[in-house]
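Input: a single structure, listed below in structure tokens.
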Amino acid sequence: MKRIVTILLISLLVFSDSHTVYAAKARKDNPSNTVWPKGPSVTSDAAIIMDANTGLILYEKNIHKRFYPASITKILTTLLAIENCSLNEIVTFSRTAIFGIERDSSHIGIDVGEKLTVEQCLYGIMLESANEVAYGIAEHVAGNMKSFADLMNQKAKELGCKDSHFVNSNGLHNDKHYTSAYDMALISKAAISNSTFRKVTSTVSYVIPPTNIQKESRYLTNHHKMLRSTCYHYDGCIGGKTGYTTISKNTLVTFAKKGDLELICVVMHSDPVHQYTDTAELLDFGFNNYTAYNLSEQTGTALSDNTPFFTRYNTLFDKQNTPLQTSTKGIVVLPNSANIKDVTKSINYSNKTGDSKDNTVIGSITYTYKGKTVGTSDITYDSTKTKTLLIDQNQNKTTNKYDTLDANKHLKLFIIICISSIVCLSFIAYYILVVRARRRNSAYFRKSRTSNRYY
């Protein structure tokens, strides 16, 4: 029964405020007959700008063409380590991890048998791109590199990647180790949504204290030049990952945020200069031509103001007590020239069965604009609100008890008066139509009999 009620409640959302969202910044709407903004021309062989919240693609160039990723592979490695380990777990480095990499590749000088925490490993991987640390993490998580690569491919598939295949955790060249700009954007979107990853990638410097073997501290520095105070520094950059091999050339993933708009930029098969200048130009394009709209205002007010179902006269849909809530983290991203009235939304029902529990996601709202998904928002069911509703309804019953009794008394009196009036009218009608008619007929017959007596 509760599930049926829940489905009915969600259905009502379809008819409520189907076009209204609220801007994160004030802006006058423009005519709706617009096209998606055309991005700049870049030198990198592949590039993409993706919104980190919605997955909306703002710019694309060869986004499904396969390239060798080099060390941006380590974004996926770091994400898997975070998802499968506690930060305080101890990683002991094997001989395979230390000598299984090219000695002229990036490393931080870990020795066989040396011990680091998982957290220290994450900084070594993301800041200094340490290949032996990435190898050691793979062994710690999965036992060996092949098993860890299987986890990488499984995770990539779960995220929707279709152009990728991974064989190692560090990105050192292998002909069977490849991805695309689009797939790397999907992987990066999942990574940046993780708070631990966000903290690591945004760190400029980090110190690993002396270990069981190394007596000196290791000082790590983030090699992403847009995050640091360099000629490529970008205002709003919150992290990223560099990559390079002679075959892959330069690859770069960058995260940047301004206001509620958070972007992911991936460039592949680039060069040392254009990997940064292309990224800056693409980020400028995204921030200058798109606006993020915060959907948190729809939780309550927007849903209640434009439909008779959401009013103070209907306790079930009171904006403070309704068991249905939309996520406060919802974001819609639109071109600046878009008319917000052209945004539509649809309800997607969850396949879960059984009773809804507190704060269970039971569906989602998908926002679209000109055929593209521009945002989503979860719908949650909070059974504690249902209990509040029952209390409110009982209070309303108590408050209105005496008013109801008075109303019933007046109704009874009104009914009695109506019945009495009908009875009286019936007697009057009977008297006029029947009794008086009989008297007239009797008088007529008596007169007739008297007249006949004289003839």
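Here the Cβ of each residue, glycine as well, is placed from N, Cα and C on the backbone.
All annotation found in TrEMBL is predicted automatically rather than curated by experts.
Quick look at what TrEMBL annotates:
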type	residues	note
ACT_SITE	Ser71	active site, acyl-ester intermediate
ACT_SITE	Lys74	active site, proton acceptor
ACT_SITE	Ser129	active site
BINDING	Lys241	substrate binding site
DOMAIN	38-270	domain 'Peptidase S11 D-alanyl-D-alanine carboxypeptidase A N-terminal'
SIGNAL	1-23	signal peptide
TRANSMEM	413-433	transmembrane segment
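Projection of TrEMBL feature records onto the structure.
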residue: Ser71; record: active site, acyl-ester intermediate; DSSP (3 states): helix
residue: Ser129; record: active site; DSSP (3 states): coil
residue: Lys241; record: substrate binding site; DSSP (3 states): strand
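In this structure the C-alpha atoms belonging to Lys74 (active site, proton acceptor) and Ser129 (active site) are separated by 8 Å. Taking Cβ-Cβ distances under 8 Å and a sequence gap of 6 or more within the same chain, the neighbours of Ser71 (active site, acyl-ester intermediate) are Ser106, Ser129, Asn170, Gly171, Lys241, Thr242, Gly243, Tyr244, Thr251.
Taken together, the residues of the domain 'Peptidase S11 D-alanyl-D-alanine carboxypeptidase A N-terminal' (38-270) have an average pLDDT of 98. Counting every protein chain shown, the number of other Cβ atoms lying within 10 Å of the Cβ of Lys74 (active site, proton acceptor) is 27. Note on the residue listed as 'active site': other Cβ atoms within 10 Å of its Cβ, all shown chains, come to 26.
Its Cβ placed at the centre, Lys241 (substrate binding site) has 30 other Cβ atoms within 10 Å.
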